[in-house]
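Here is the structure we will look at, set down as structure tokens.
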Amino acid sequence: MSSSSPTQASLIQLGNSYRGAGKRESSSSDAKQQQHRHAIKQVAAGEQRLDGWSVAIDVVASGLCGTDLHYLGQDVGLGHEGVGVVSALGSALLQDDGAEAKKLGLKVGSRVGWGYVQGACLACLPCVQGVDTMCRTRKLYGVTNKHQGSIGDAYVVDARFVHLIPDALPLVYAAPLQCAGATVFGAIHACADLKPWHRVGVLAIGGLGHLAIQYLSKMGCHVVVFSTSDSKREEAFKLGASEFVATGRDNKELKSAIKSADWKGSVDYLFVASSVQPDWDTYLHPRILSSRATVIPLSVSADALHIKGYQQLISKEIRIQGSMVASRPVHRIMLDFSARTRSWPWIELLPMSPEGVEEAVNRLDAGQVRYRFVLQHPTHKDPLFPDHVPGPALQNKI
């Protein structure tokens, strides 16, 4: 979707993008299935100036993240787990025979991805410390440049915030890593004292949890998975779990299990990957959390944090560690690790069309995916894997 002379372009035609279009009644004849569904519209995204440090990207695929659902009621282009092929370079990247582009490893045709953080000042203390995600003037998806979304034809973004995709990693699998992978791996990286011999809990197997299990197990950790029922037990072990605990929806099974003589012990870290906050006081139990354990919430929640057992935090020296998505250096490490260890997301492919996007949005909202949706562009192809490479739990509906 770039201009006819991409390296000299000043304006990039973005083509189509997708946005929420309100809710409508389901067409199902079953009264129990009658529910409001999210409607999706395809709109012309207009054009975006290709300034000095920008690159234009032809979108090949985009993941659909739970965060995208928060923007359905706003006039925001959907998608921030984008992957594609560079189609044009800004003027600053082309000066001195493309010296800056070469430093970044970028050229027309490069396979790249981008995620939630899309810009920063690069001069403040957090930025120079390599933690650009904490920049006070950071540019975030849905907050700045709202007319663009990675679920669309083209995207223009600061070249310093795109990430080269390893050759061994097909773009359709790289897409969910741009946010889900960066969220999980960034949190693991933030726990500097996490070691292979630690017992590490992962609460919930979903878009984030299934990646956390893979990363942690391949780092050598003993991974204890907590899930509401036995339905995902087999998948948990396929992903690399060492233990599986069915908690029950009201935690009755968990409370009973920790009283048993068969209980195998508490965890040193707990990554909370559930879509809603857990019953914190249940998980603060000394047979679940070790003394001086660290709890790392991964998912977004608008609810207040309620902990009745406040004294437990103090007496056991429990830490609750917040974590943003991975910074640029850690994002690069995450992609390399994912490719090298084949820590790929389990995905379901759907077409990047109004019908495909609408199906993905509604099924994600209903929790009907294992474990990430990827929308595939109808004409833009991965130059290394034009027909994609079947991988773990790939379901192709293209």
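Each residue's number is its place along the chain shown, starting with 1.
Note that Cβ sites are derived from N, Cα and C of the backbone, with glycine treated the same way.
Annotations in TrEMBL come from automatic prediction, not curation.
Quick caveat, the model's predicted, so the values are computed rather than measured.
What TrEMBL records for 1-16 is compositional bias 'Polar residues'.
Annotation source TrEMBL lists region 'Disordered' at 1-39.
Across the domain 'Alcohol dehydrogenase-like N-terminal' (55-167), DSSP assigns 28 helix, 36 strand, 49 coil. According to TrEMBL, the feature domain 'Alcohol dehydrogenase-like N-terminal' maps to 55-167.
Helix, strand and coil counts from DSSP across the domain 'Alcohol dehydrogenase-like C-terminal' (207-337) read 46 helix, 27 strand, 58 coil. As annotated by TrEMBL, domain 'Alcohol dehydrogenase-like C-terminal' applies to 207-337.
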